[in-house]
Amino acid sequence: MGNRVAREDYEWVYTDQPHADRRKEILAKYPEIKSLMGPDPRLKWIVCMMVVIQFLAFYLVKDLDWKWVLFWTYAFGSCINHSMTLAIHEISHNTAFGNNKAMWNRYFAMFANLPIGLPYSASFKRYHLDHHRYLGGDGVDVDIPTDFEGWFFCTPFRKFIWIILQPLFYAIRPLCINPKPITQLEVTNVAVQLTFNILLYWLWGGKPVVYMMAGSLLGMGLHPISGHFIAEHYMFLKGHETYSYYGSLNLLTFNVGYHNEHHDFPSIPGCRLPMVKKIAAEYYDDLPQYSSWVKVLYDFIMEETLSPYSRVKRKLKGDVKQE
């Protein structure tokens, strides 16, 4: 468990990301895919249902023994909260109300943020669009781990700890790689979330707050669903920087596993990405794909050639226009 991994740097490339060219080629061959773009009318109702479920859970855990609070936090709350972060991911692409009602999407994302406990929806949107536009871009894409992460988390045990601490690194990484001025929306997001957290504690005590906060941290750390963090872009095979997963956990994650399809067509909501794969099957069937996010986590920890450095990175050319 103490062997160091072989990688000592990122996989630097001097080509553009593959998704723009593939999107152009697919649309030229299958123009009907354009009809899949646009909002998902079911998304807002699904999100509202999930928020109500968590509100009910807050009420139910308030009188439980602590051992049962912690059990349900990991067994149930972490799944719902991680799923809610992926609902916010969907909303960040304006798939709840469409591009013509962009601010409706921003405020709805704050509503979806409530049962997560950590105010992040407004900041996530800003950085996530950069991730799509400048995939692997040095100094811009904050999905790429820092040099410290790549250097330090270089043994199986340290990589295990790194996965547990993923929520922490996702929170502080933007401040290290690409800090941005705070916007009014981010201030509003923090104010709304803190007000909600205080009201929850005032109404039902500390157990629902622990259930909420710990569920978010556990769900984005060592958890089967969090395998998608590693599966999406870590270079398990040389030359491939985006990978898809077509397993059953997509039912809980708004089809985020269809990740090649998502980066090719970010304006298509998750519920329609399987249709993209079906229509343009010859473009996706032969790409590397995963069948288990749990196995992705295990392989990442145990395989000596893999580490946080296992990411494709590129120097950006020309003007960089960030969100």
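Cβ atoms are placed via backbone N, Cα and C, with glycine included.
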Range among 107-124, 161-178, 197-214 that TrEMBL annotates as transmembrane segment:
107-124
Under DSSP, the domain 'Sphingolipid delta4-desaturase N-terminal' (5-43) has how many residues in helix, strand and coil?
18 helix, 3 strand, 18 coil
Residues from the same chain, set at least six apart from the ends of the domain 'Sphingolipid delta4-desaturase N-terminal' (5-43), whose C-beta lies under 8 A from its own:
87, 90-91, 94-98, 135-136, 144, 150-151, 154-155, 159, 235, 238, 241-242, 260, 263-265, 267-272, 275-276, 279-280, 283, 304-307, 309-315
